[in-house]
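Everything below concerns the one structure shown next.
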Amino acid sequence: MPPNSVFLLPVLCLIVPIYSRGFFGIPGDYCSVRTHTCCENRDDDCTVPILGDHLCYCDMFCDRGPDGGNDCCPDFEATCRGKDIQNDQRIDGESCSMDGDTKEKNCEKCTCHNGFWKCDGTACLIQPDILEKIHTGRYSWSARNYSAFWGRSLSDGIKYRLGTLFPERSVQNMNEILIKPRELPEHFDARDKWGPLIHPVADQGDCGSSWSVSTTAISSDRLAIISEGRINSTLSSQQLLSCNQHRQKGCEGGYLDRAWWYIRKLGVVGDHCYPYVSGQSREPGHCLIPKRDYTNRQGLRCPSGSQDSTAFKMTPPYKVSSREEDIQTELMTNGPVQATFVVHEDFFMYAGGVYQHSDLAAQKGASSVAEGYHSVRVLGWGVDHSTGKPIKYWLCANSWGTQWGEDGYFKVLRGENHCEIESFVIGAWGKGSKRRRRFKMRKLRRFRKMFK
C-alpha cells in the first residue's frame, strides 16, 4: 500500500461529516441576494459568506445527495428549486425513530423521546418568527439574521455582547453640565465635522466589555479633537478591561465611573501597544501593565513589543443633561458622547432604519424576553423621512463590528428617552500638554460665563 493512502482515510473522515451536516436551518437571505442567484452545474465561485469565515454554495452541485454531502446555502431549496421548506424546519413534536438521538435547532437542543422530538425551549439570539414579522410588518427598522449570532442563546448574548452595569445611585445623581443652547441643524454627523479624528467601529467580540470599549472609544475621539489631530491613537480597551478589575466583572460587565477613574488617574496606552484579545477568550486576562510600572524609570512596556508606550489620560467625566437639545449641543461642540441604554432581545437582529423596540417577543411569553445595559458612542442625529412620517433619531456607533447593523452603526428613536438612551450621557476632555490644558480651562471659564 502506498504511504499516501495511510493518511488519506483520516482526512476523508473529517471532511464528510462537515458536508453532510450542511447549513440547513439557518434563516436569512443568501442565494436570493446574489446578483445571479443560482448557478447551473458546478461553479466554485457561486458562494455566499455564512457563519463567519465559512462559505455556502448556490450552484446545482452543492447538493450531492445523502452520500455526497451538502454545502448548499440555507435558502438554496427555496431560491433555486422553488421548494417550500418552512415545514421542514419544524422539529419539536415531529416523529423520530431512535430514542436518545439529539439534534440542534438554532440554539435549542432537541432529544428524541418516545418517538417524538422534544426541544428544550431555550430562547435564541436570532428568533426567526420575529425576523419574519419585522420583514412583513410596518416597522421603522429592518431586521436580519446574523450568522455570527445563529445558534447562540439569548442569555449568552445578553451576557457576552453587552457588558455595562447599571450605574450606582451616587453616579446617577452626579451633577449635570448645562450648556447654552445654540441653533441646531436637522442632521449632524461627527464624522462629517471631524473626519479622521473620529475612530472606526470597534468589535468587542464575545466579551461583555462595552463599559471598556465605549470609554476608550470616546476618549480616543475626544483626545484627537481637542489636540486637533496631534493625538490620534485608538486607546487600548484591553488594558482597561484587564487592569481595571477592582469591583468590576471583566467580560461579564463593568461600571463606567470606575473605568473613567482608571483612565483619569493612570491613563491608557494605545491599542497598538496593548491589543484587544478578550473577544475570543471571553476572559479579561491578567494585567500586563501593572500599576507599579507607571513609576518605573524605564517607562511602560508594551505587551505587543511596540516601542510607543505613551499613556493618555482624561479629565473627570461629566454628565450631560438628558434634554435632547443639550445632548445635541454637547455633541456638536465637543464631539461624540457616551450613552448607556437598555438592549432588548430584538435589537440583536437590527439591520437598518430607526430602531424602536417591539413587543413581538413579549407576545410569545416571558421566556423569549431579555434585556441588559449597553454603552455606545453617540455620533450625531437626524430625521428619517422614508416612512412618510418624520422620525427623529440618534446616530450611534455600536461595538459589534462592521458586519452588524449599518456598517456597525445604528439609529434609535430620539427625544423620547427610548430604551433610556438619553438618561445617562457622559462626556470628558482629554489631558495633554500644558497649552492644551490652558485651552480647556479657558473653555471651561467661557462655559461658566454662559450660565451666569
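The backbone N, Cα and C atoms fix where each Cβ goes, and this holds for glycine too.
Annotated in Swiss-Prot:
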type     : residues    : note
DISULFID : CYS38-CYS46 : disulfide bond
DISULFID : CYS38-CYS58 : disulfide bond
DISULFID : CYS46-CYS80 : disulfide bond
DISULFID : CYS56-CYS58 : disulfide bond
DISULFID : CYS56-CYS73 : disulfide bond
DISULFID : CYS62-CYS72 : disulfide bond
DISULFID : CYS73-CYS80 : disulfide bond
DOMAIN   : 34-85       : domain 'SMB'
CARBOHYD : ASN145      : N-linked glycosylation site
CARBOHYD : ASN232      : N-linked glycosylation site
SIGNAL   : 1-20        : signal peptide
If you measure from the Cα of CYS73 (disulfide bond), which of the recorded positions CYS56, CYS62, ASN232 is the nearest?
CYS56
Sequence gap of 6 or more, C-beta under 8 Å: which same-chain residues meet both conditions with respect to CYS38 (disulfide bond)?
CYS31, CYS46, CYS58, ASP59, MET60, PHE76, THR79, CYS80
Nearest-integer angstrom distance between the alpha carbons (Cα) of ASN232 (N-linked glycosylation site) and CYS62 (disulfide bond):
48
Determine the most Cβ-crowded residue among the disulfide-bonded residues CYS56, CYS58, CYS73, using a 10 Å radius around each Cβ and all protein chains in the structure.
CYS73
Please report the distance from the Cα of CYS72 (disulfide bond) to the Cα of CYS56 (disulfide bond), rounded to the nearest angstrom.
5
Could you state the CA-to-CA distance between CYS56 (disulfide bond) and ASN145 (N-linked glycosylation site) to the nearest Å?
15
Neighbour count, 10 Å Cβ-Cβ cut-off, for ASN232 (N-linked glycosylation site): what number do you get?
16
Stretch-averaged pLDDT - the domain 'SMB' (34-85):
78
Mind giving me a neighbour count for ASN145 (N-linked glycosylation site)? Other Cβ atoms within 10 Å of its Cβ, every protein chain shown.
22
